Amino acid sequence: MGWFQNKGGKAILSFARSSCYFLTSESVTEGHADKICDQISDAVLDEYIRHDPEARVACETAITRGMVMVMGEVTAVRATSNGAGVETCHVDIERVVRGVLCDIGYTDATRFFDGRMCGVLVMLKPQDGEIAQGVGTYDISTRGHMTTEKLNSLGAGDQGMMVGFACNETAELMPLPISLAHALCRRLSQVRREGVLDFLYPDGKAQVTVEYAHGHPVRVAKVLIAAQHNLTVIHQLSSGKPFMKDEAQEAIITEVVCKAIPEDLLTPGKPLKMNDHTWALGDTQISINTSGSFNAGGPEVDAGLTGRKIIVDTYGGMARHGGGAFSGKDPTKVDRSASYAARYVAKNIVAAGLADRCEILISYAIGVSEPFSISIETFGTGRIPDERIAEIVREHFDLRPGAIIRDFDLWRPIYRQTAAYGHFGRPDLNLPWEQIDKASVLATSAGLA
């Protein structure tokens, strides 16, 4: 992997010209402190949308030992009971917060955080009027319906650059390293919840290093697991340093690593112990809890914030990122909705065979509906020039915020489910931006059908 100049003289990142390179991505479980905050912020968003589909929500969450703080800006209204006017929607934020924490598994102090007993501080205020006037407000009778007036006048909720990416490394057209990292973390959660590995607690992380040859993944080189656990699996070394017992580490390899990573990417057999925390499975190195025991975790040891896992949420570092987080933001915020649209465009481009890899960058200005700019990069894998692909995108995709909300039906409470294990490449969820329903028309426009 390296940089080279394309025909226009622009330096771009090449995924195909180096003979061998490694790419690493990480994911975290839903019990990670930052991910707890993402889930709470999106659960609050969903609850407001249930009351007012067009609620303006920018919800941030912070968590630390024994305390959760929910803050931000919310404007949500509904018709009065007599239909003569409107009133502010009220949501029981404390109930939402405690529900998320208990769903994750933080139900008693033995797991270092009790969602039933922690403090909950709510500091929400209305959306600023100057921002609201740029986005638009509408008659209560049309709330939740994308009228022609809204479609034409709904401006972006902020400025910014949004990035979409797709590649043909996996069936869901995602980079392999982040797909495997998510799979490992989902499996960590599954075996904990189902009692398969009853020594696990909610906090955890996974990191995967994939070796590439000439732009294609060839093997999983390294797997790193950090798994919070109870006291029953701690072994005291002669040096005095506590580590997870060998049998617990082997159980994680058997029940998590070998079941989350496809067989063709791992060498079958019994793992060979290399040191206190590292094992060899064929030519794959697997390390578990490399710092020693991992008993205390979650908000007890790490303060969490909404929006601190934006690379986990997207493409694992294989693509650029505009910098804006997703969780807690209603769909008028293009940080979220336009990033979803950008993924949709890139995925359909790759599904159509226009390129093996595609990155699209879309920029907006607050209060303006039309994108400021659209650019395409296919890293030398395009079947037609990138400039022609950009023209086809403009012909077939309406990237105004109102059109994105309309086409994806985003005025629905669908967001909490995206707040852990990635917003993209989710075959377990029926997400509208993951559909490839425009692939055939793109192929036809490109002359490839």
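The backbone N, Cα and C atoms fix where each Cβ goes, and this holds for glycine too.
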* **Listed range which TrEMBL flags as region 'Flexible loop', given the options 127-137, 138-148, 149-159, 325-335** => 127-137
* Using DSSP, would you call Lys309 (ATP binding site) helix, strand or coil? -> coil
* In whole Å, how far is Lys329 (ATP binding site) from Gln127 (L-methionine binding site) when you measure between their Cα atoms? -> 12
* Structure fact -> Per DSSP (helix/strand/coil reduction), Gly204 (ATP binding site) sits in strand
* To do: Inside 10 Å of the Cβ of Asp34 (Mg(2+) binding site), count up the other Cβ atoms and send me the figure.
  => 22
* How many angstrom lie between the most widely spaced Cα atoms of the ATP binders His32, Asp203, Gly204, Lys205, Asp302, Arg308, Lys309, Ala325, Lys329? -> 25
* Asked: Which ones, of the binding-site residues Asp34, Glu60, Glu73, Lys333, have a Cα no more than 10 Å from the Cα of Asp302 (ATP binding site)?
  -> Asp34
